[in-house]
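Worksheet: the structure to be examined is printed underneath.
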Amino acid sequence: MNKKGLTVLFIAIMLLSVVPVHFVSAGTPPVSSENSTTSILPNQQVVTKEVSQAALNAIMKGQPNMVLIIKTKEGKLEEAKTELEKLGAEILDENRVLNMLLVKIKPEKVKELNYISSLEKAWLNREVKLSPPIVEKDVKTKEPSLEPKMYNSTWVINALQFIQEFGYDGSGVVVAVLDTGVDPNHPFLSITPDGRRKIIEWKDFTDEGFVDTSFSFSKVVNGTLIINTTFQVASGLTLNESTGLMEYVVKTVYVSNVTIGNITSANGIYHFGLLPERYFDLNFDGDQEDFYPVLLVNSTGNGYDIAYVDTDLDYDFTDEVPLGQYNVTYDVAVFSYYYGPLNYVLAEIDPNGEYAVFGWDGHGHGTHVAGTVAGYDSNNDAWDWLSMYSGEWEVFSRLYGWDYTNVTTDTVQGVAPGAQIMAIRVLRSDGRGSMWDIIEGMTYAATHGADVISMSLGGNAPYLDGTDPESVAVDELTEKYGVVFVIAAGNEGPGINIVGSPGVATKAITVGAAAVPINVGVYVSQALGYPDYYGFYYFPAYTNVRIAFFSSRGPRIDGEIKPNVVAPGYGIYSSLPMWIGGADFMSGTSMATPHVSGVVALLISGAKAEGIYYNPDIIKKVLESGATWLEGDPYTGQKYTELDQGHGLVNVTKSWEILKAINGTTLPIVDHWADKSYSDFAEYLGVDVIRGLYARNSIPDIVEWHIKYVGDTEYRTFEIYATEPWIKPFVSGSVILENNTEFVLRVKYDVEGLEPGLYVGRIIIDDPTTPVIEDEILNTIVIPEKFTPENNYTLTWYDINGPEMVTHHFFTVPEGVDVLYAMTTYWDYGLYRPDGMFVFPYQLDYLPAAVSNPMPGNWELVWTGFNFAPLYESGFLVRIYGVEITPSVWYINRTYLDTNTEFSIEFNITNIYAPINATLIPIGLGTYNASVESVGDGEFFIKGIEVPEGTAELKIRIGNPSVPNSDLDLYLYDSKGNLVALDGNPTAEEEVVVEYPKPGVYSIVVHGYSVRDENGNPTTTTFDLVVQMTLDNGNIKLDKDSIILGSNESVVVTANITIDRDHPTGVYSGIIEIRDNEVYQDTNTSIAKIPITLVIDKADFAVGLTPAEGVLGEARNYTLIVKHALTLEPVPNATVIIGNYTYLTDENGTVTFTYAPTKLGSDEITVIVKKENFNTLEKTFQITVSEPEITEEDINEPKLAMSSPEANATIVSVEMESEGGVKKTVTVEITINGTANETATIVVPVPKKAENIEVSGDHVISYSIEEGEYAKYVIITVKFASPVTVTVTYTIYAGPRVSILTLNFLGYSWYRLYSQKFDELYQKALELGVDNETLALALSYHEKAKEYYEKALELSEGNIIQYLGDIRLLPPLRQAYINEMKAVKILEKAIEELEGEE
């Protein structure tokens, strides 16, 4: 158990797991803008873009720390820990099996992870969340003719028949269920058929059941244990609205004493703590505010082994059940009652008494899954049922004619009733859990004897390729420990490429959900052929197994086949915790997954019994090879593909036959891959190769597949062929492959003549002498429909769908489309972007939808027949809109003394796509500002802007980096640090648009995600920044209020512009908003907002300065960049004035000059830029100035800071003398030379304690004093007539000299001394009951001391002792011990006062 678990913060990210709600609420038009879509994009660095964005969010929110999962390179774990600690990171936990660390780190330090060579990858410790149950629409059911049972779902996969025929029921197999926990005393999860205990292990890797029992007490008076202590208890994770993070709420509870009666602890010491209701109402009293006393005792003298929980909150343990650790004693107790008992266990107890962990299933999901895997009731009637109904499809409709509102607990028989369960809680009672908890649970199960790990959890994100942390863990644990992972595909279907993580793991058996036939209620009308009858009638919707509409479809983003198989997952009846009621129906791939876990248990059970060799690869292969292909709907002719079902419905008897057939043979291993450049998503992949072809947006003509055979013969003959005619291998038929040698198979994809649609096929590589197919390459291509002038840029479909069947429509959205509009005549549909992510979660109903600025590429519209009657019909329409205005730059040139305030400009509106009947809305004028900025690799550029009231649109764009191939990301935050918009594409050309932003201050942030020179070294790039704020202030009027245009038609419009006579010259922004009447009425979305730019009299400059930092007193070259603000082209021959010097820009619009900063922290450089036809610009640049690296020897050593080239200044000599005793006067005399009448600046460092600093000399123009962390700096400006002599005098206390090394050692030692003393006193203060206000004050000084000490650690690279001579350590070490001393003094005083009262 990780005792540090309660310090972890989670990033709250919604992830899929079980079953989604598929419907948008009625009455709300669905509208989406692709500008506001969060992108999680590719990375080839340690820090992913997701982590970078989270770090930036934390910085903007003022969050001090964030928590990451970091994977280290093999054998580099300790080195990585050392390097991370040098950054000031805290190692919260470690997983040595997977070389992973859980790390708390300051967000501003995250970028430095990219430069630690021992690290591989960093991920967020994301929060995983189960989804709510599916709710069907318009489906009614009749009363059941038979009591509900699981047998139909186990029968359809041949599990019951397999057990009856072969006798292997899962005995000897352990299945770990990673979920919300399992009811430890459920009647169907109590024993196996041969009487063995069903649940053999119960572990909790969440924080839910954790109790801090580090408090020990020994004073017992008449059976009463004296506590008299105030406890601070972390009561649970709660969303902090200000930071957006899940954080623990710490509550204070005082306990005076508890009754223990005759309960004894062998060593006389009792450990005590409080169990809070973190996520579950344990006593069902309507709140989660209770704290349950917990008592640990050492019953034998061999360590703490027994726990008591005061479940009735009477502070009396004598009426409670003693619990030993479950996997030792198998003790179970009842916490409380609801519909039935809430059973719980002691999952873990620390032998030293420091903590205890309790377990229960407060959600129900885990118990349902466990029942499906291995539920068993000794009174079950499975065999009677099987003999009565086996082989009759109609029985399923009778069985599934349930009434959801009147379910009674009946027999539950799991797929593998003889298997034993390892209950691993990784999700809390609220259905949430952290990614680290899940990985820890996976590791524990793999290393503690699990044969199968069943994971009905997961979530989706763009571009999942199996490189996320959970998937990496799945693959590594499979390789290292031979455990079989069975994982849910997810419930975000039926769009393609939507399988979630960790289901995308290569080694996982990923499971989709099938639906067995059920009875449904359908309103019968004349249209269905019943002229005399109306109303709901019940009959089977279909008679063969289908794929559940919600099941996530493949392929994986790199083309790999996912899911691998399907199993029943719709309306599954299984066990639920007894407190809920014992059993019920649930749907989802979460329910399908345990069916396959049970099948794997059956196969392994038989293999163990018969001595058949197996491993995870073999089990996966025989499952796939034995699966039953599901054809689809015979009435509509709709068919399923590998994307829907993988290899088909699991069939345990067929897989068993194959497993036996290959026993004793050596199967050849065949692998394949192709370069990722063939993929549409190459730039987003975290891997270098693809495992299949997923041609979503473009189809390669030829792909070169690399094939490699490894086996027990030098050569082997394989048959290579394609399952579809459009896949044409250049080599087909028999091919002889050489062992351990790559063979390149060229394949042509002949798509000419294919109708629009989705095409899926495989390339088979098969040794016909074996009972399995050795290898296969999945190929998925999309042939989209096109918007054309002939179809008025409108596509329509009228479809007939069978129940649980899916219709896919793909269409291409070209570049430059303003709005994508979609609608249906009746049934719901899904809309998916070209990257595979849904636009609206999850289904759209009859309300029209609009997507502004849609992502270019091939979109998918998909709809399903749900569980409705055969041949349901619906029509769909999609349309694109796009308009352009020419010219889009308008010029107004006023003449001298012109009094005119009205100006007219003609422009053309051209309708590019679908016909429009539109209203024109002019908006303007507004501001237009352009500048040239800079950002370094991994750094952030931040600029504040103020958005005024009445702003109709805020548009920000960046681009044109000086370093080619830079990847810059653009973010916009509000004044509270909330992310408003982002563009995170893998380029430097980014744009965000916010319509009608709230007035206030915003921050523009540009992240230099990857800025590398041609050699791959980190560097700095400049970029253009344009900020436009368009205000609706009535400056623009049009001569037309509305227009009607067909495709490619134009109209001339006159804009009448009103400006004041004294309106400043420059560049301004405006918008012509075009509202198609139908689209706007349906969705409240304009079909276009065309930006226009108005230039009044003169243009503006856009200027930038690079670099943006410097060191005090150190001269360096700076470059001023001058561009045209509108075109962003360089402006040559512009006059630039900096100080007293004048320059001309070169052909690149740049001026390079030398400058040395003379102010610490921030210095200013003011420039004036002039040119004809441009407004004169005066701008002051702020540069960040750091203190120079300085030692004691550098004190009083002057440096030449700044001079003009003409001055040619040099320091001729320096003399220093001092006099006096304790208070010493120091004189520094400097002689410098330079060109007459020119100026120069010098910097003289003096000791930090110097006082009464004076500067004298005939030619001193001015001087100033800057105080740094290590010294003071005298900045002196002189003007030359001849060699100039400058004198600096100051006084300083010169008492007994103590070296820097000694002072640092004293600070270090005193801090550690006081820190140790603080820990002792704080514990004593808690025991004595010191008030919370005093404790909090002491803690604040203690934490401040810790921060200063960590700063010293950071400066010394984690080794203070070796750096004691470093002057930089002096301030933080001094502050560390001073603050720790204050904390100690506060506690000493409080304790003294309380003890004095006694």
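Each Cβ is built from the backbone N, Cα and C atoms, and glycine gets one as well.
Of the listed residues (Asn35, Asn298), Swiss-Prot tags Asn298 with N-linked glycosylation site; the rest carry no such note in the record, though that does not show they lack it. Here His365 (active site, charge relay system) is compared against the glycosylation sites Asn792, Asn1084, Asn1117, Asn1133, and the shortest C-alpha distance is to Asn1084.
The candidate set comprises the glycosylation sites Asn262, Asn929, Asn1084, Asn1117. Of these, Asn929 has the most other Cβ atoms within 10 Å. Each of the recorded positions Ser590, Asn663, Asn792, Asn1237 was assessed for Cβ neighbours inside 10 Å, and the highest tally belongs to Ser590. Counting other CB atoms no more than 10 Å from each candidate's CB, the recorded positions Asn152, Asp179, Asn222, His365 peak at Asp179.
Counted within 10 Å of its Cβ, the other Cβ atoms near Asn1133 (N-linked glycosylation site) come to 12, all protein chains included. If you measure from the Cα atom of Asn262 (N-linked glycosylation site) to that of Asn1133 (N-linked glycosylation site), you get 96 Å.
Cα to Cα, Asn1117 (N-linked glycosylation site) and Asn222 (N-linked glycosylation site) are separated by 83 Å. If you compare Cα positions, Asp179 (active site, charge relay system) sits closest to Ser590 out of the recorded positions Asn152, Ser590, Asn663, Asn1133, Asn1237. Taking the Cα atom of each, Asn222 (N-linked glycosylation site) and Asn792 (N-linked glycosylation site) are about 92 angstrom apart. Under the DSSP three-state reduction, Asn262 (N-linked glycosylation site) is assigned to coil, being neither helix nor strand.
On the 0 to 100 pLDDT scale, the model's mean across the domain 'Peptidase S8' (154-656) is 87. Nearest neighbour of Asn152 (N-linked glycosylation site) by Cα distance, taken over the recorded positions Ser590, Asn663, Asn792, Asn1084, Asn1133: Ser590. Between Asn792 (N-linked glycosylation site) and Asn1084 (N-linked glycosylation site), the C-alpha separation comes to 22 Å.
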